[in-house]
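Database features, via TrEMBL:
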type	residues	note
TRANSMEM	14-37	transmembrane segment
TRANSMEM	58-78	transmembrane segment
TRANSMEM	98-118	transmembrane segment
DOMAIN	155-259	domain 'CAAX prenyl protease 2/Lysostaphin resistance protein A-like'
TRANSMEM	178-199	transmembrane segment
TRANSMEM	219-241	transmembrane segment
TRANSMEM	246-265	transmembrane segment
TRANSMEM	271-291	transmembrane segment
């Protein structure tokens, strides 16, 4: 696979597989547990608004992410690398090939949402029908207002900034290097790491119960969420391993949060959305490996089974 330019590890930081799994489990649990620290451990008063509640959670997520990154750096002994850029590259934080790391995964991910795009275009066409430019001007004004509202919306920051960046840092950039150095195969890591990602969403069951939702309904909702997070986790881990760049899964994460579940069908489009979804999905799977080829994202390729050259450390 590929290795970022300039990354030439010198010492072997191999760790036991059990230790890697234990560290990943601890990171997943701490990422959730720290969210409740202000009220349970620090005994802060309950937040008085959604904004203050999420601001607390943003701070907790930042603490958990920083702690996970420092723990990973200590376990892998990245301090032994001579260059600071090389240390960051272990986590997939790189400044080279940024355009490829953003655009290609974004276009690839959008193929699964072909049906959703058809639905939205169909809706837009129906709204424009008969109103001409007047509706177009109205749409532009509404778009500007939506952007202004989004900047001030704390949920936008949660869904499109804090959650994607902190979750991908912990569950991809920290855990995958640990599992690689723990001796796990690429395929095992791709299917194993989303298990930790799902653990971080089990707290939703507790929160739904607190909101008065009955247990079976809460279980069903969380079950669907866990299924979706596992599938996305497979894809995000695949992107991170193939590209070696943390931006790739982050971009996919933000885009999927914006779009929601892909639209499989819609009665309004008379089957067009279903055909678009099927065609987009076929194209997605056909292009999955070519579009994520390590050659596209790295200057130099090594005869190495991992993109960051960790196998040379063993």
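Using N, Cα and C of the backbone, Cβ positions are placed for all residues, glycine too.
Just so you know, TrEMBL annotations are computer predictions that nobody has curated.
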Ranked first among 58-78, 219-241, 246-265 for CB pairs under 8 angstroms with the transmembrane segment (178-199): 219-241
Confidence summary (mean pLDDT) of the domain 'CAAX prenyl protease 2/Lysostaphin resistance protein A-like' (155-259): 87
Listed stretch, out of 14-37, 58-78, 98-118, 271-291, that has the most CB pairs under 8 angstroms to the transmembrane segment (246-265): 98-118
When counting Cβ pairs under 8 Å to the transmembrane segment (271-291), the leader among 14-37, 58-78, 98-118: 98-118
Intrachain residues whose Cβ lies under 8 Å of the transmembrane segment (58-78), provided they are six or more past its termini: 11, 13, 15, 19-20, 23, 26-27, 30-31, 34-35, 37-38, 86-87, 90-91, 157-158, 162-163, 165-166, 169-170, 173-175, 177-178, 181, 310
